[in-house]
Amino acid sequence: MYVLGIESSCDETAVALYHASKGLIAHTLYSQIATHAEYGGVVPELASRDHIRKLVPLIKTVLKEAELTAKDIEGIAYTAGPGLMGSLLVGAATAQSLAWTWQIPAIAVHHMEGHLLAPMLEDNPPTYPFVALLISGGHTMLIEVRAIGKYRLLGESLDDAAGEAFDKTAKMLGLEYPGGPKLAELARSGQNRFKFPRPMTDRPGLEFSFSGLKTFTMNALHATQQTEQDKADIAFAFQQAIAETLSIKCKRALQQTQLKTLVVAGGVSANQEIRQQLQQMATKEGADIRFPRPEFCTDNGAMIAYAGCQRLMAGQTQNLEIFARPRWPMEQLISL
Amino acid sequence: MKLLAVETSTDACSAALFIDGEIIEKFAVAPREHTKLILPMINQLMTDAQLKPQQLDAIGLSRGPGSFTGVRIAGGVVQGIAYGADLPVVPVSTLAAIAQDFFNRRSDAALSFTAMDARMNEIFWGVYQRNPLGLAELIGAEAVTPADEVIFPDRAGFGVGSGWGVYAEQLSQRLAERVLGIEVDVWPRAGCVAQLGAYGFANGLAVAVEQAMPVYLRDKVAKKQSER
Ligand SMILES: Nc1ncnc2c1ncn2[C@@H]1O[C@H](COP(=O)(O)OP(=O)(O)OP(=O)(O)O)[C@@H](O)[C@H]1O
Ligand SMILES: [Mg+2]
């Protein structure tokens with residue numbers, strides 16, 4: 001079964017083609033970073049306008065790359081939420097009408113389920129059950145995953161998401177949007193000079209909070225001359241604090257659930273320092289840890305095509321409603 | 001000539017089929033229900049007419065101006081069908097569709113000062129005249145401006161569309177004795193998009209799906225960091 005996957009929840013338009021047994025066939029992505037950079041963040045209306053310009057050309061590209069035609073495609077998966085309403089609607093409307101035209105089923109996919117399942121696209125995929133740490137621009141969640149659609153939220157951020165904390169801190173340090181990867185770059189030349197707090201690790205529980213860390217960073221920055229080295233040292237300390245906090249919480253989640261596999265996904269899981277610290281923790285715990293390849297950590301069409309393919313194979317489909325849910329709790333998903 | 005038209009740019013939602021001169025339409029005023037209604041409407045029309053998308057000649061798109069999200073729903077739907085069935089698209093102005101509906105019902109009307117509420121103290125507007133075939137034809141250009149900045153020709157006509165509800169006073173003042181009458185509650189309808197789309201198709205106005213884009217008129221939607 002060939003499934004086309006469409007992702008347009010935020011500022012990336014992405015399309016991929018996945019085959020149930022052959023795996024990922026082709027994928028492509030258009031990033032709107034340049035569009036939004038001048039505004040210092042994503043402008044939802046501009047994002048929507050870009051999606052509708054790019055989506056059909058990207059679908060054409062993917063089919064051409066795969067050397068396939070309409071007749072080969074057996075299902076269309078699209079991100080239905082959570083995300084920006086206008087952006088979601090472009091993908092949903094196009095996907096649904098294309099599926100109707102081709103007389104094949106469409107399936108609405110939860111964006112975070114897509115992220116969570118991204119490691120399944122790798123050669124040695126994790127096996128259920130596992131603990132998933134989702135760290136992205138809009139989410140920080142620990143989830144117990146029994147199977148596709150069987151999710152139990154173990155803990156989430158009470159305020160800023162991890163990626164959001166990275167981006168806001170990067171902005172403070174004078175780095176351009178989206179600052180997460182740039183902050184990681186700057187931290188490489190940083191030295192271990194500041195000690196930042198590890199929020200909410202001194203009490204039990206699997207909740208996160210990153211907004212205090214942001215304030216702490218601001219104060220630390222203002223107490224310096226703000227030289228390049230000062231900024232690098234602060235970036236280093238900030239990244240250490242996030243990495244260690246995530247690591248402590250993941251360790252707790254593994255112990256609490258008595259599970260032996262940790263899956264880490266979402267844009268922030270591209271961060272090398274975070275990967276390393278989580279890897280070390282997992283090794284100590286005797287647990288298996290899996291990440292998506294870096295390009296599938298951030299938004300992409302492959303994860304949507306994969307998730308949609310699993311649900312379509314289980315017989316799930318979406319009726320003729322153009323389904324878009326800017327807010328969509330993951331625990332509302334039905335299992336296969 | 002067979003054409004499917006899609007219209008979702010206001011609180012109304014509609015789809016229509018033009019089949020060799022005849023028009024069948026499904027229409028509903030249903031705020032925020034477009035995503036639920038539009039594909040079932042299209043499906044019903046096509047099923048009733050025993051047509052497959054591949055048997056159409058083109059798709060008519062109500063390309064705006066209107067609600068940004070609304071015109072993109074129609075845009076996405078039309079692009080999906082046009083790409084999927086390898087069809088060209090005829091973009092039709094939402095203001096033209098409003099003027100057309102008015103002309104269809106008022107045989108005495110020759111000129112429509114068409115205006116839609118554009119929020120933010122502005123209106124989308126355009127001046128349409130009835131051509132010899134009875135079809136709405138644009139004079140000059142469409143624009144989005146405050147109501148007291150509209151430019152209308154020195155001819156008498158009718159004030160048509162939601163803009164005349166919100167800004168009746170400013171518009172009437174500016175146009176003075178040129179206004180023969182006002183009709184506020186005129187929706188853009190897919191039937192009129194189909195009527196104008198079929199004419200456009202015959203006159204070579206169809207475009208490839210990649211060029212079938214919404215027209216927003218308002219292009220400045222946020223301030224750059226350098227402008228703050
Ligand atoms: N190497 C990195 N280090 C730190 N943060 C990173 C890195 N690479 C990407 N990010 C961050 O990841 C986020 C983007 O991830 P992703 O695309 O998954 O988020 P999103 O789609 O915007 O949000 P969500 O998936 O929650 O809706 C941004 O905040 C970005 O700064
Ligand atoms: Mg994401």
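Glycine is treated like the rest: Cβ placed from N, Cα and C.
Note: TrEMBL annotation is automatic and uncurated.
The candidate list A:Asn271, A:Asn300, A:Asn319 contains one residue that TrEMBL assigns to the substrate site with A:Leu134, A:Ile135, A:Ser136, A:Gly137, A:Gly138, A:Asp167, A:Gly180, namely A:Asn271. Site extent for substrate: the farthest pair of Cα atoms among A:Leu134, A:Ile135, A:Ser136, A:Gly137, A:Gly138, A:Asp167, A:Gly180, A:Asn271 sits 17 Å apart. All protein chains considered, the CB of A:Gly180 (substrate binding site) has 26 other CB atoms within 10 Å. When Cα-Cα distances from A:Gly180 (substrate binding site) are compared across the binding-site residues A:His111, A:His115, A:Asp299, the shortest belongs to A:Asp299.
Taking a C-beta cut-off of under 8 angstroms and a sequence separation of 6 or more, A:Leu134 (substrate binding site) has the following same-chain neighbours: A:Met112, A:His115, A:Leu116, A:Thr140, A:Met141, A:Leu142, A:Ile143, A:Ala265, A:Gly266.
In three-state terms derived from DSSP, A:Ile135 (substrate binding site) belongs to an extended strand segment. Residue with the densest Cβ environment among the binding-site residues A:Ser136, A:Asn271: A:Asn271, by other Cβ atoms within 10 Å.
All protein chains included, A:His115 (Fe cation binding site) registers 29 other Cβ atoms within 10 Å of its own Cβ.
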